[in-house]
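Below is one structure; the comments refer to it alone.
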Amino acid sequence: MPEFDLIARLRVRIAARADVPLGIGDDAALLQPPPGEQLAITADTLNAGVHFPHETRAEDLGWKTLAVNLSDLAAMGAQPRWCTLSLSLPHDDAAWVDAFADGFFALADAHDIALVGGDTTRGPLSCAVTAIGSLPPGAALRRDGARVGDDVWVTGAPGEAAAALSLWQAGQLDVTCAAADPLHELWRGRLLRPQPRVQAGLRLRGLAHACVDISDGLLADLGHLCERSGVGAQLALAALPAMPRSTGVSALQCIGWQLGGGDDYELCFTAAVQHRDAVAQAMDFAGVAVTRIGQIVATPGVVVHDADGNPWQPPQRGYQHFVG
């Protein structure tokens, strides 16, 4: 399929809007930011066999390609506005492109984000998005604002995407079709179609002192936040969100997934102790579950304590990419 035919298949799905004076079809797009707002820009690339299984369905890949970028904007407290999409495709496959677009635009439409440009080329399957959001000056959630004494919070249920990955690697989960086990199907959805916490990020403006999205694992990404803020954190195993277990899955496996699995795209953030009720209310309005899991301390590093208060060493502290 010629490049311009592929572009045409995507362009017909894009509606005209006032904040895009000139979109796909020229050498560059022209954008009209909201008056007085700053822009937040992020970019991510997903490569087959590294960030997702080769057999991932096109619809799911389209969704996830955009979702991981929207998660970055959510972590900044930015409102998604526009994005570009670049695809490297090994074969000419119009049906695959249409299915990819179905997933991509399903999420784009849900968050009112406009596709305004991109590129296509022949090569190993790879999907790259640059996403642009906006927010008022001084409103950004950053990694460097955590303060000693802050509570540490996490949205959603970290570990479920890692559970699906583990099952897939063990040959116990097919990523191309629904799983018979309802719990496995829940985990499969978390891996293939993560839900970027955009509304949560917007609600945390002026409330959270620091925020990061969880892509490489809770401990790893909280560690990045602490390093940028010049602080440390202490977490309690008992405070982690409850994670249901399926047959043959141990409690230790679940804890490892929760702390070091990655691919969650939840938000980990810190906020003052006196704002506990406000945080709970904000996340309720955002429709997102939230759990208080620890506290920011002056000593560098992230330490996890077991029920007896002893330091606990997780089997894995960060996300391991696909190797097959």
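Backbone N, Cα and C define each Cβ position, glycine as well.
Site annotation (TrEMBL, ligand Mg(2+) 4) includes Asp27, Asp72; from Thr42, Thr45, Thr56, the additional listed residue is Thr42.
Asp263 (substrate binding site) falls within neither a helix nor a strand when secondary structure is assigned with DSSP, and so counts as coil. Mean pLDDT for the domain 'PurM-like C-terminal' (147-305) in the predicted structure: 95. For Asp213 (Mg(2+) 3 binding site), the nearest neighbour among the binding-site residues Asp44, Asp72, Arg143, judged by Cα separation, is Asp72. Around the Cβ of Ser215 (ATP binding site), the number of neighbouring Cβ atoms within 10 Å comes to 20. Secondary structure of the domain 'PurM-like N-terminal' (25-134), assigned with DSSP and counted as helix (H, G, I), strand (E, B) and coil, comes to 36 helix, 43 strand, 31 coil. Put simply, Asp72 is the one of the binding-site residues Asp27, Thr42, His51, Asp72, Asp263 whose Cα lies nearest to the Cα of Arg143 (ATP binding site).
Look at Asp216 (Mg(2+) 5 binding site): DSSP puts it in coil.
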